[in-house]
């Protein structure tokens with residue numbers, strides 16, 4: 001069970017790394033720049049979407 005949990009944690013961490021490095025596969029809606037914090041620092045909200053987060 002510990003091995004399964006360790007593998008699961010590693011998969012989650014790698015998926016989060018890929019998410020932040022390459023953006024999301026779908027547009028992230030926002031109203032202000034503060035809504036784009038999950039995409040990284042300095043990402044701006046333009047036309048209702050986080051620009052640097054969306055592919």
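Glycine residues also receive a Cβ, built from the backbone N, Cα and C atoms like all the rest.
Here Swiss-Prot flags 1-23 as signal peptide.
If you look up Swiss-Prot, you'll see 30-45 (among others) marked as disulfide bond. Residue 45 (disulfide bond) falls within a strand segment according to DSSP.
In the three-state DSSP assignment, the secondary structure recorded for residue 36 (disulfide bond) is helix. The disulfide bond annotation in Swiss-Prot covers 36-50 (among others).
In three-state terms derived from DSSP, residue 53 (disulfide bond) belongs to neither a helical nor a strand segment and is classed as coil. Positions annotated as disulfide bond by Swiss-Prot: 39-53 (among others).
Nearest by CA distance to residue 39 (disulfide bond), out of the disulfide-bonded residues 30, 45, 50, is 50.
Of the listed disulfide-bonded residues, namely 30, 45, 53, the sparsest Cβ surroundings within 10 Å are found at 45. Residue 39 (disulfide bond) has a Cβ environment of 21 other Cβ atoms inside 10 Å.
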